[in-house]
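Novice: Supplied in structure tokens, the structure appears directly below.
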């Protein structure tokens, strides 16, 4: 037993030492726009909305060529943040009248809706996958594989983008209808958020299902069942998620 434990610790330590330089390099590249592959990022964003399995097929190629599952290019995070900021400013232009409050809304959405929430969700999935969903090694000679934290954050970002398109962009154009009073706005708002949230969890599942050393990844599909169960309850109770979230920032204009 003692050699096995020692080996696990050394493997975990080696994995941590490899991930730290990768994360530092990733942060450094955020301020170097010329090193980002913008064209490939937009290709990924388009296919995440249309055929997400193609994106994760390329993740396998990335592992084969660069020996890591996570992206080493921060372009996706940067562009997604910029698009989120633009969308939020559009909401502020339509529903706000204070430049100071609009600035607060943009910063809070970027930090809390995307980065902080993404960090928490990625950390949770990273912990769950490494602690409970990894396959047992058939023998001691097999190299231990672990989910990189940066890859877990990549999965969140990939899952977030189509949800952003539905819950921010499409929602913006439908917002005059969705925030109105009545049964139809309640119904449409709940259906839109149900689809957006379910698609987020489906992409989350795809991101971990592609890793060959994980098992029982259908765990990430379970929240979809909860969403489907809760949606009729919200509709019948008259809860309007559009009005709820808009009231968080623009209650004086609704």
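Cβ coordinates come from backbone N, Cα and C, glycine included.
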Novice: Name the residue range among 102-129, 130-157 that TrEMBL annotates as transmembrane segment.
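Specialist: In TrEMBL, residues 102-129 carry the label transmembrane segment.
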Novice: Among the residue ranges 40-59, 220-239, I'd like the one that TrEMBL describes as transmembrane segment.
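Specialist: My reading of TrEMBL: the transmembrane segment range is 220-239.
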Novice: Looking at the candidate ranges 12-32, 75-95, report the one that TrEMBL labels transmembrane segment.
Specialist: 75-95
